[in-house]
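Student: Per Swiss-Prot, the features are:
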ACT_SITE  Cys108  active site, nucleophile
ACT_SITE  His197  active site, for GATase activity
ACT_SITE  Glu199  active site, for GATase activity
BINDING   Gly80, Pro81, Gly82, Gln112, Ser158, Leu159  L-glutamine binding site
DOMAIN    27-223  domain 'Glutamine amidotransferase type-1'
REGION    257-519  region 'Indole-3-glycerol phosphate synthase'
REGION    536-759  region 'N-(5'-phosphoribosyl)anthranilate isomerase'
Amino acid sequence: MSEKVDVGESVKGDASENAVKEVAERPIVMIDNYDSFTWNVVQYLSNLEKRYPIMVFRNDEITVDELEKLNPLKLVLSPGPGHPARDGGICNEAISRFAGKIPILGVCMGLQCIFETMGGKVDSAGEIIHGKVSKINHDGLGFYQGIPQNISVTRYHSLAGKISSLPDCLDVTSWTENGVIMGARHKKYAIEGVQYHPESILSEYGKEYIQNFLNLTAGTWEENGIVMPTKNNAFNAAMRENSNSVSSTKIRKQESILEKIHAQRLIDIAESKRKPGLSVGDLQTYLNLNIAPPCINFYERLKQSKPALMAEVKRASPSKGDIKLDANAAIQALTYAQVGASVISVLTEPKWFKGSLNDLFVARKAVEHVANRPAILRKDFIIDPYQIMEARLNGADSVLLIVAMLSREQLESLYKFSKSLGMEPLVEVNCAEEMKTAIELGAKVIGVNNRNLHSFEVDLSTTSKLAEMVPDDVILAALSGISSPADVAHYSSQGVSAVLVGESLMRASDPAAFARELLNLSSSEISNGKKTSTPLVKVCGTRSLLAAKTIVESGGDLIGLIFVEKSKRKVDLSVAKEISHFVHTTNRKHISPKKAVTGQSWFDHQYENLASSPHPLLVGVFQNQPLEYIRSIIAEVNLDIVQLHGQEPFEWIHMLDRPVIKVFPLNSSEISRPNYHIVPLIDAYVGGESGGLGKKVDWEAASFIPVSYVLAGGLTPKNVQDAISVSRPAVVDVSSGVETDGKQDLEKIKAFINAVKEL
C-alpha cells in the first residue's frame, strides 16, 4: 500500500495494484534514483502544484508497464549516484515510452538519462563537483522562459553528457562561463533537463524553472502552443568538436552576424517575457480584448501600386553602421505615406539596427489618419510567436519571416500563427532552394534579399535569377541594394511588383523628393497639406425652408440647423424635416470632383468628401446635450453631419453614426487630432461661450493651423474675402453676419456666398 509522506500531497509508491487504484487523478510521477535530493525536488513540486497528486517510485521498484497504468500527467527523473546506463533503473525505458506523450523533466542524473536515451554518451566530466556554485547563461526558451541571465546554480556531479556525441534531436540550453553544458532540450518533444540542482537553496530561479515545467500540459512543444525557435547551432557544433572546457568566447568567434543576432534575439525575447504585463499570457489577453488596432490586407495593399514602394525606417545596420540615429520614426513614416509608399517597413531590432517596438507603434499612429494608409511591416528576426503578438498589438499589418533562420516546421508554424492574427507575412528568401520552400508554404508575398545574411554581401542579380520561379498570383519584392530609379525600373521590367528601399531613403536630404523620383511621381500627385482652393460655405442658424432654398440656389454647400435649447436660432423640428427633404433631393450648384492624390491626410481626405458631395450637406448643431438626444435628432431629421459646439467628450464622435465637426478655440492642442472630427471649427470664445456672437477670430493666427479647418466668428459679406485671404480656411461659417434684426436676411446670404465663390 502507498503511504503518505510529509511533503504536501505527495505519496511514496509501492507499485501495487492497490496503489494504482488509489490514484483517482492523473499523478505527477517522480522516479527516484536513490538520492536524498529527490525529496527536495518533490517538495518544490508539491509546493508549486496543488491540483494533482505527486507519486514517488524508486527506479527499480516499478516497471514501465505499471507506470503506464498510472496514466501519469508528467514525469520527473531525479538526481542520483552512478551512471545512467547502470544505475538509472527504468529511467531510460520510461523516457522512450513517454517521449512525445507527456512533459518530462530530468535533474542531474535525470538529464544524463535523457542524453543517453536520445543517442548521446555519458562520461567523466573531467572533474568532481560537489556543492560548487557556478554562473550560467541560457537560451531563454522552454523551462528557461522568463528567467534572467547569469544566474547562480549549484552543481553535484562527476559525470556529464559527452558533448561531442550531442544527439541531433537535442539542443544545448544552458552553459557555464567556461562553456560547460548545464542543460539540454529535445527539439520536438517537451523533454528538458539540467545538470545542476534547481532545488538547491543556493540555486537561483529553481522554482521558476520547475514552474515552467509544471505549466506544460502535453508531450510536444507544438501541442503546448509553443513554437520552439530555431536554435543557434554554432554552440552545439563547437561543443561537438571540442571538449567541455571550450570557452564561450571561442565559440562566439565562429558565429556569423546572423547567428549573433539570432542568439541575442533569443535573450531579448526571454527578458521581455518576464517583464510584468508582458508575458505570453498577458499578450494573448490583450489580443482577446481586441486592443490591437485594425489590420489591413498586406497583400491587397501591395497590389494597388506597381511598383509598390516599401519604405523603411532604419537607423543603423551591421553592414553600414550608423545611418541616421536621430531619425524620428513617426515623422519618417508620415513622410513616406504622404508620397505614396504602399508599406512602411520598421526595423525593431535594438542592438544592431537601433530600432524598437516603440518605433513600430509611433509609425502606425503617425499614418493611421492617412487616407488609404500604407501597411505597416515589422521587420525583425522573427523566431517566436511572441514577437508576432507584439507586432500585432503595436499596429503591424505584416511581419517578416526569414527562411534562412527557420526550420521548415517552424516557418510553417510562424506563418500560420501570423495568418491567424490577420497578418499575411512577407517571406524572405535568398536562393532557389529557399524560394521553393516559400512557394510550397503558400506565401502570397515573397521578398528576395539581395544581401546574403551570413556574409552581408549584396548581389543585385539575386532577385532577377529567382523571378521566373514565382507564380503569377504571388507578389515578388526586391528587398535590398536598391538606391536609384534605374534599379526600380530594372526590377519592374523583370516582373518585380514591389521594392524595399531603406538606407537610400534614410540618407536622402529630402526623402519625399527621392521617393517621388523612385516612383516617377510628379509633385502634383502628392498631398501637400492645407487646401488653397475656394472655400466651401456653411450658413448656420437656418430656420426656414425659404432661407435653405436661398442658400442652395446661391451656391452654398452646408446648411446648419441649431438644436440647442437655449439658442435664439433653434430650428423647429417640423421645419428641420422640410429642409432635410429639400436638401436631400436637390443637387449642389458647385461640386468639386475628387482628385487622385497620393497620401492624403485625414483632414484633406475628409475635405474632399465634403467638397464632392452631390447634394448640400445638412449639419445639426448641438451644445452639451445628451448623447441619446443627439442620436434621436440624427435619425428623425436625417442629418448628414453633427456639429458639437460644447464640451462633449471626444469619445462621443465614434458613438455617433455621422461625421462630426467639432468647435475649438484657436489655441487648442486638439485641433489637428486625426480620426475623430472631420474638420475642426475655429470660433471666437467670449466668457466661455462661442457661436453666433459676432466676434472675430485672429485671422493671422488661424493661418498657421496645419490642417483643413472651418473659420467662424464675425464674418460678413464685406469682410469674408479679406478673412479668406489672410487665414486660408477650407470652409467659412456664418450666422449673425447674414442677419438683420436677429432674422436671416436673404440678400445678405446671397451676398456672402457670392463674395466667397467669386474668389
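Even glycines carry a Cβ here, placed using N, Cα and C.
For each feature listed, report its degree of burial, its nearest neighbours and the pertinent distances within the displayed model.
Tutor: The DSSP secondary structure for Cys108 (active site, nucleophile) is coil. In this view, Cys108 (active site, nucleophile) is surrounded by 28 other Cβ atoms within 10 Å of its Cβ, with every protein chain counted.
Annotation note: His197 (active site, for GATase activity) sits in a coil segment as assigned by DSSP. Taking all protein chains in view, 23 other C-beta atoms sit within 10 angstroms of the C-beta of His197 (active site, for GATase activity).
Cβ-based neighbour count (10 Å, all protein chains) for Glu199 (active site, for GATase activity) stands at 24.
For the recorded site, Gly80 (L-glutamine binding site), the DSSP three-state label reads coil. All protein chains included, Gly80 (L-glutamine binding site) registers 26 other Cβ atoms within 10 Å of its own Cβ.
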Student: Which one, from the binding-site residues Gln112, Ser158, has the smallest tally of other C-beta atoms lying within 10 Å of its C-beta?
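Tutor: Relative to the other binding-site residues in Gln112, Ser158, Ser158 has the fewest Cβ atoms within 10 Å.
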Student: Per 10 Å Cβ neighbour count, which of the binding-site residues Pro81, Gly82, Leu159 ranks highest?
Tutor: Leu159
Student: Listing them in sequence order, which of the recorded positions Gly82, Cys108, Ser158, Leu159 have their Cα within 10 Å of that of His197 (active site, for GATase activity)?
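Tutor: Near His197 (active site, for GATase activity) by Cα: Cys108.
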Student: Relative to the mean position of the Cβ atoms of Gly80, Pro81, Gly82, Gln112, Ser158, Leu159, the recorded L-glutamine site, which additional same-chain residues have Cβ within 8 Å?
Tutor: His83, Pro84, Asp87, Cys108, Met109, His157
Student: Can you give the largest Cα to Cα distance in Å, as a whole number, for the residues Gly80, Pro81, Gly82, Gln112, Ser158, Leu159 that bind L-glutamine in the record?
Tutor: 11
Student: Averaged over the region 'N-(5'-phosphoribosyl)anthranilate isomerase' (536-759), what pLDDT does the predicted model reach?
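Tutor: Across the region 'N-(5'-phosphoribosyl)anthranilate isomerase' (536-759), the average pLDDT comes out at 91.
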